[in-house]
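**Q** Below is one structure. I have some questions about it.
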């Protein structure tokens with residue numbers, strides 16, 4: 001498994017990490033999954049050379065962290081890079097975020113809330129330190145906390161040995177500059193796929209200039225780029241309001257994936273593997289966060305690391321995706 005250094009830390013990350021949002025189950029994913037299969041999926045990721053497991057309290061109200069914690073009991077702790085997040089809460093107030101089922105989530109990055117969250121995450125995960133601690137969504141009014149205050153408490157947690165590295169998700173360029181003003185920022189998490197390339201405009205160059213790893217999530221657009229979505233599919237749960245799952249857009253994507261078949265034949269790979277290989281081609285700073293809910297999905301995703309996509313084919317795929325936006 002290819003690895004990349006994490007900022008100025010002594011941590012190295014596999015170029016592919018396991019995302020566990022779906023493993024957490026709950027209303028966002030139309031119910032819970034078989035817990036043993038979820039644990040087996042995490043164990044398979046480790047066997048395949050993936051050392052990073054990403055989770056968050058907001059993934060079904062801590063359930064994802066609990067499942068990850070159960071898997072961690074079966075793995076050598078020093079071989080796993082555990083990444084979880086703070087800033088999305090449900091047991092204290094904050095700025096309104098999403099409602100999941102009948103429960104309201106809030107944004108809160110106050111120092112008091114972060115300290116509560118890190119303690120709860122450590123307990124759910126069953127570990128005594130978190131390798132990468134990431135702000136999940138950035139603070140907004142009315143419960144606004146300046147980045148300076150958030151970074152201050154993260155720096156304290158780092159000095160206390162509770163976290164090893166600091167990350168930020170769902171940030172813009174100004175956020176990144178402000179984080180760097182008050183401390184180190186080792187990694188960001190941003191949405192990126194061949195269908196959503198906005199990150200290329202400013203975030204990717206800024207991170208390259210500052211040695212910040214870019215961890216991309218939703219590289220398969222919540223399953224749309226797996227090639228398993230049929231024309232009669234009706235999206236529900238977390239997919240229901242997504243732009244690319246609107247019927248007209250979804251059908252365009254399905255047409256594009258059919259045009260990928262000659263490329264899949266050339267590289268002897270599947271559609272999702274090709275989509276992941278395209279992302280890896282874009283920058284050596286990129287680490288893919290790829291979700292899976294079954295061991296075989298992990299094995300398929302990892303195959304993308306063995307594809308040496310040519311410049312010409314990467315350009316062709318980009319042009320196909322750009323054509324969907326016209």
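Heads up, the Cβ atoms here are built off N, Cα and C, so glycines get one too.
Remember, predicted model here, so these are calculated numbers, not experimental data.
When I checked Swiss-Prot for this same protein, it listed these features:
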BINDING   20, 21, 54, 189, 217, 218, 219, 220, 221, 222, 291, 297  NAD(+) binding site
ACT_SITE  59  active site, proton donor
SITE      85  site 'Lowers pKa of active site Tyr'
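Quick one: where do these features end up spatially?
**A** Within the same chain, residues at least six positions away from residue 217 (NAD(+) binding site) with a Cβ under 8 Å of its Cβ are 19, 54, 169, 189, 190, 191, 192, 289.
Counting every protein chain shown, the Cβ of residue 59 (active site, proton donor) has 28 other Cβ atoms within 10 Å.
DSSP assigns residue 85 (site 'Lowers pKa of active site Tyr') to a strand.
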**Q** On a C-alpha basis, identify the one among 20, 85, 221 that is nearest to residue 59 (active site, proton donor); the candidates are the recorded positions.
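**A** Result: the closest of the recorded positions to residue 59 (active site, proton donor) is 20.
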**Q** How many whole Å apart are the CA atoms of residue 221 (NAD(+) binding site) and residue 85 (site 'Lowers pKa of active site Tyr')?
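**A** Cα-Cα distance, residue 221 (NAD(+) binding site) to residue 85 (site 'Lowers pKa of active site Tyr'): 21 Å.
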**Q** For 219, 291, listed as binding-site residues, tell me which one has the smallest number of other Cβ atoms within 10 Å.
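**A** Minimum Cβ neighbour count within 10 Å, taken over the binding-site residues 219, 291, occurs at 291.
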**Q** How big is the Cα-to-Cα gap, in Å, between residue 219 (NAD(+) binding site) and residue 85 (site 'Lowers pKa of active site Tyr')?
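**A** About 19 Å separate the Cα atoms of these two residues.
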**Q** What three-state secondary structure does DSSP assign to residue 59 (active site, proton donor)?
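**A** Where residue 59 (active site, proton donor) sits, the three-state DSSP reduction gives coil.
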**Q** Using Cβ-Cβ distances, find the residues under 8 Å from residue 85 (site 'Lowers pKa of active site Tyr') that belong to the same chain and are at least 6 apart in sequence, listing them in sequence order.
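**A** Counting only residues 6 or more apart in sequence, the Cβ neighbours of residue 85 (site 'Lowers pKa of active site Tyr') under 8 Å are 55, 56, 57, 58, 133, 134, 135, 136, 169.
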**Q** Same chain only, sequence gap of 6 or more: which residues have a CB within under 8 Å of the CB of residue 20 (NAD(+) binding site)?
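**A** Those within reach of residue 20 (NAD(+) binding site), by Cβ under 8 Å and sequence separation of 6 or more, are 38, 42, 53, 54, 55, 59, 64, 67, 68, 291.
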